[in-house]
Amino acid sequence: GIMRPLSKAPNPHLLPGCRSTWLPTAPGYTDKEEVVLWMNTVGPYHNRQETYKYFSLPFCVGTKKTISHYHETLGEALQGVELEFSGLDIKFKEEVMQTTYCDIELDKPKRDAFVYAIKNHYWYQMYIDDLPIWGIVGEADENGEDYYLWTYKKLEIGQNGNRIVDVNLTSEGKVKLVPNTRIPMSYSVKWKKSDVKFEDRFDKYLDPSFFQHRIHWFSIFNSFMMVIFLVGLVSMILMRTLRKDYARYSKEEEMDDMDRDLGDEYGWKQVHGDVFRPSSHPLIFSSLIGSGCQIFSVSLIVIILAMIEDLYTERGSMLSTAIFVYAATSPVNGYFGGSLYAKQGGRRWIKQMFIGAFLIPAMVCGTAFFINFIAIYYHASRAIPFGTMVAVCCICFFVILPLNLVGTILGRNLSGQPNFPCRVNAVPRPIPEKKWFMEPAVIVCLGGILPFGSIFIEMYFIFTSFWAYKIYYVYGFMMLVLVILCIVTVCVTIVCTYFLLNAEDYRWQWTSFLSAASTAVYVYMYSFYYYFFKTKMYGLFQTSFYFGYMAVFSTALGIMCGAVGYMGTSAFVRKIYTNVKID
């Protein structure tokens, strides 16, 4: 009979073949043990995220009855994994000749459903023992008048000892779709010995020729050259200009007119009484910096975990890991945001903590909420179930918020005192007129170009693995690119800030944050180019999904870069004003 779905860990003897990574018992199959073929989703080939339940198309279910539903993890629920049992009777190492497992009674509405699916290049995904298999629903003839359904699933499963290491599906049995006919659906199973190790069974899904292409290596090398150039530039400014400036400031009395005329351009010393003045809107500023530091730590930890563990071998594990790490790193957000707010003399620290804690979650959940409406309208499997929404909200309120509070209290008490090297004058000095290219707005626009230049090739690989059917596995590259991005961002913002301070403009906090964060605008513009020239997406659901989540991704990247840029610049500003002799 039908067993009711078990929510706690099932007894492996009770449910043969309900194999999951959290069952520590018996790592392989015994002979004649049931192997479950799970049906996942079906959807248009060009729209990777637009997926529907497999049985939303009028396919028929096999006769064998078993566990009615698979219990998914949080990551799978958010990514729209909908595993349903196919009803095919497959036993370990037991060959099955071509067998009909059910018939489709093809009436007019069912035929229309299949024709629509074939017109839109629908294909489906299945899993055997966590290995994905893809198959196409059907095909049309050249002139697009007759439509054919593939009715025969030919499975070839490779086994190594008692483990399944390889699965191949061949679709055969092309049957023309004619209304009011019976279409028999059949399958066969062939077992073959394979030399693939169980650990390496995912290697056939990876695409080294794509990810380890010469372009990829070249872009990393290119970015390294840029880093060396920028680091050289910054150290030159620090060493040469500042040394000169210090020398000039110490012997101000004994210099002649020629030198004094030159001396006017070294304006950064003139603003020493205003440079540590709190930024405008300190509450939102410190919340952004805290969030950026958290995003940076999440990126770093998740990339390191992905390099150590192959996270791509499990459905939804990347997303689950990211959510967990994000919740766990909340104290980082509280610490940096809270201490900066206290340093700037902020009084409403509880409000700052709430804004800092919920800035990123609100942005992500807000976007997801809107896209969810479209997904529900489409009956797509990406529609997030209510239970999952509640789970995410609980994580926000009962994990992220308390940890943020801990971080905020630590930050305020450990490094919340404003210990600036220069006193802040009582009266702000007027900001003199300067050339148009020294205006903060122009500096902000130009600041994002170099950081974007150092990552945009990597963006292409990341986008392709997310929006097309590639599995991203070269996390070493991603780590390098993250390091390069941080170095480039810090160097660029330091140079920008140096020029800004020389123009006797002391509003460096927001300028340093925004000139790094403007990378996000360039990434989002690139995502438009990518959408129109590199993908063939169509339809309201996929388009809104693409642009909605690309906006979230770009904003998060921008906040991260901004925080990194501000942290570097802040250290630089403290350094140069510590050594200055104040009259």
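Backbone N, Cα and C define each Cβ position, glycine as well.
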Query = Pick from 21-43, 320-342: which range does TrEMBL record as transmembrane segment?
reply = 320-342
Query = At least three Cβ pairs under 8 Å linking the transmembrane segment (215-238) and the transmembrane segment (513-533), pairs spaced 6 or more in sequence?
reply = no
Note = For the transmembrane segment (545-567), the distant same-chain contacts (Cβ-Cβ under 8 Å, at least six residues beyond its ends) come to 49-50, 288-293, 295-296, 299, 336, 360, 363-364, 367, 370-371, 374, 382, 447-448, 451, 467, 485-486, 489-490, 492-493, 509, 512-521, 523-524, 527, 531, 535, 537
Ask   = Ranking 283-308, 320-342, 441-463, 475-501, 513-533 by Cβ pairs under 8 Å to the transmembrane segment (354-378), which is first?
value = 283-308
Task = Quickly jot the same-chain residues contacting the transmembrane segment (384-406) by Cβ under 8 Å, restricted to those at least six beyond its ends, or write none.
result = 74, 77-78, 323, 326-328, 330-331, 333-334, 353-354, 356-358, 361, 365, 368, 372, 375
Query = Among 283-308, 320-342, 475-501, 513-533, which stretch has the highest count of C-beta pairs below 8 Å with the transmembrane segment (441-463)?
reply = 513-533
Note = Long-range CB partners for the transmembrane segment (475-501) (under 8 A, at least six residues beyond its ends), listed in sequence order, are 211, 216, 220, 223-224, 226-227, 230-231, 233-234, 237, 241, 267-268, 271, 275, 296, 299-300, 303-304, 306-307, 438, 440, 443, 446-447, 450-451, 454-455, 458, 461-462, 507-508, 511-512, 515-516, 519, 561, 564-569, 572-573
